[in-house]
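Database features (TrEMBL):
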{"type": "TRANSMEM", "residues": "7-29", "note": "transmembrane segment"}
{"type": "DOMAIN", "residues": "81-161", "note": "domain 'Cadherin'"}
{"type": "DOMAIN", "residues": "162-270", "note": "domain 'Cadherin'"}
{"type": "DOMAIN", "residues": "271-385", "note": "domain 'Cadherin'"}
{"type": "DOMAIN", "residues": "386-490", "note": "domain 'Cadherin'"}
{"type": "DOMAIN", "residues": "490-601", "note": "domain 'Cadherin'"}
{"type": "TRANSMEM", "residues": "617-637", "note": "transmembrane segment"}
Amino acid sequence: MFFRGTLMCSIIYVAVLLLPLVDLSFWGWSSSVSATPQPRKVPGGSWEALQRQKRNWVWNQFFVLEEYTGTDPLYVGKLHSDVDKGDGNVKYVLMGEGASSIFTIDENTGDIHATKRLDREEQGYYTLRAQAVDRETNIPVEDESEFIVKVQDINDNEPKFPDGPYTAAVPEMSPLGTMVVQVAATDADDPTYGHSARVVYSIIHGQPYFSVEPKTGIIRTALPNMDRERRDQYVLVIQAKDMMGQMGGLSGTTSVTVMLTDVNDNPPRFPHKPYQCSVNESLVVASEVTRLKAEDADLGPNAEMDYHIVDSDGPGMFSIITDEETQEGVIILQKPLDYETKNTFSLRVEATNRNIDPQFLTFGPFSDTVAVKVNVKDVNEPPVFTTPLSKMVVSEAARVNTTIGTVLARDPDSANSSIRYSIDRNTDLERYFNVDSLLGVITTAKALDREVNSVHNITIFAIESQDPSQVGRGTAVITVMDINDNAPVFAIEYETLVCENASPGQVIQTISAVDKDEPPGGHRFFFSLASPATSNHNFTLRDNKDNTASVLTSRDGFQRREQALYQLPVLITDSGSPTLSSTNTLLVRVCDCDVEGVPQACGAVAHTLPAGLSTGALVAILACIFTLLVFVLLIVMMRHRRKEPLILEDERDVRENIVRYDDEGGGEEDTEAFDMVALRNLNIIEMFWGNDIKWFDTRFLTNNRISLCIMAWT
């Protein structure tokens, strides 16, 4: 079986006849193969076995043009088997991709047709299988054969720019031929067949500023020194045409937007010359005076600039800084203005580019200067103190109305208004001072005490007489000088202990003193025992000559039972003028100490009954107590029996009142709180128990007479 196609196939068919002479594997063709012998039908309906024979395949590939637009099916080729003798016994069958749906075969003749329009870009080839079978039995008369139908390309796709439209940037003032961007177009046609996919680039719109390389699509500048400040954007139209740009080729276009980026090729320039401004003389130091700006056609960092004052007739009066957001020069006041002293200033300001590109230095210089005139306007200013801070001293012994010092203020304006003075009482709440409203003389208004407040900070107001709203402020620092008006005293409250076994000359305490005064040369204290302690035989005092003194024992054998506490008066004298002194009492407690001299117990010792008290004394005491108890018991029994008062006065009927209270009375003259008549008939039994003495006290009030029985022992 062999295949036969269209005119193209016919030409190839001739070439196939030469297959035995050439190597067909290079072209994709099959070599000769042997077929299995097939039976042959003989007259009478029987099949005759055929001898095995060699069968030549002509070609296994067909070609068909894409995008066929005819109305009839497109003839692809023809199948023919050597077994087919043209008697109609052989039927051709087509199988595989697109069989029946795209490709059809005439079962009698083996002609193959394409019934649909093919597109190589969708599918480039189809693999089909063909077989010759017996028409009656459908038994294959030959082996199944596979072949390919290849869709042949035509130029039916225009070039396209998959990444378009493009945006690119190139620095302004770039030299000729500077690369801007590269564009690329693709063509869906077969690049291996003809020139359908071979693209050539050209520029349609954008000349004479830019050009494009035909083969690579690289866009370059076509003019040197393009200026962004004149034109910063160009829109190019680039065309890509297949068939190598020949007539009949298809083309596609894209746009390329080229932005010129800025370079520092423009120096700063002041648009106005000279500058002039006016400010009030009351302008606060560090305030803004005026702003000026040099224009620069560049952008961003290329337009950044610094300002400098290169000349001024008021040195140090002004400074200038750059506002980073607006690139303006801001003139700042550095010293106070005074219209009466100088009412105009002349400056010269320079603006310089901060980032200068060396390759554009020929475009310079990249700086500019301008003259600035500052006019000072007169305003009504508050009074000004000749000395804003006045320091004064006064003795704390100064009497009322003592002059301390004088403050002076003036009106800085040409009107020279008179001034009135006053004290800000918020700074002198205790009203220690006064100020003369016309002369500014400060005097004391009350007695001063350095120990209470050693420094007074007061604010003085200076007010214009013609315009009271204009108020100047000054400060007077008044230091109170010390005098010796405080006597020295003990530095702390001392707790002094002495052991019973202390030896003579032992230091039991070191004392020091303090004094509220502050003499210029420092404190010097003198210590001594005050009279009458100077002649005591228990303790002595030694002045250490360093503002301290030591207390020493003069004897040994201290006994708590004899005396538990000693009071030692100490006289402390300062070295001031006049000399002041004070007597301070030092309490010395006697303590029972261990062998190391550590106090164990201090203070008085409690008394107990003597060990040698006789039995007769104890019996007498108990008998007395018993007699008294019996006597009281009899009185109570008689009262219950008679229902009468225990004690009656002959002349007056007195009620019995027993009053118990814890209030402290007012003495003999206090007769209003209680009924004194009732108190005269009280029977009180009191018993007191102490550490050293015990006694029993019974008071009987009968006929205003008191019988007292006291028994005591020690």
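Each residue's number is its place along the chain shown, starting with 1.
Glycine is no exception: its Cβ is also placed from the backbone N, Cα and C atoms.
Regional average pLDDT for the domain 'Cadherin' (271-385) in the model is 92. Taken through DSSP, the domain 'Cadherin' (271-385) splits into 10 helix, 55 strand, 50 coil.
Residue counts of the domain 'Cadherin' (81-161) by helix, strand and coil are 0 helix, 35 strand, 46 coil (DSSP-based). DSSP places the residues of the domain 'Cadherin' (386-490) in helix, strand and coil in these numbers: 3 helix, 48 strand, 54 coil. Secondary structure by DSSP for the domain 'Cadherin' (162-270): 3 helix, 45 strand, 61 coil.
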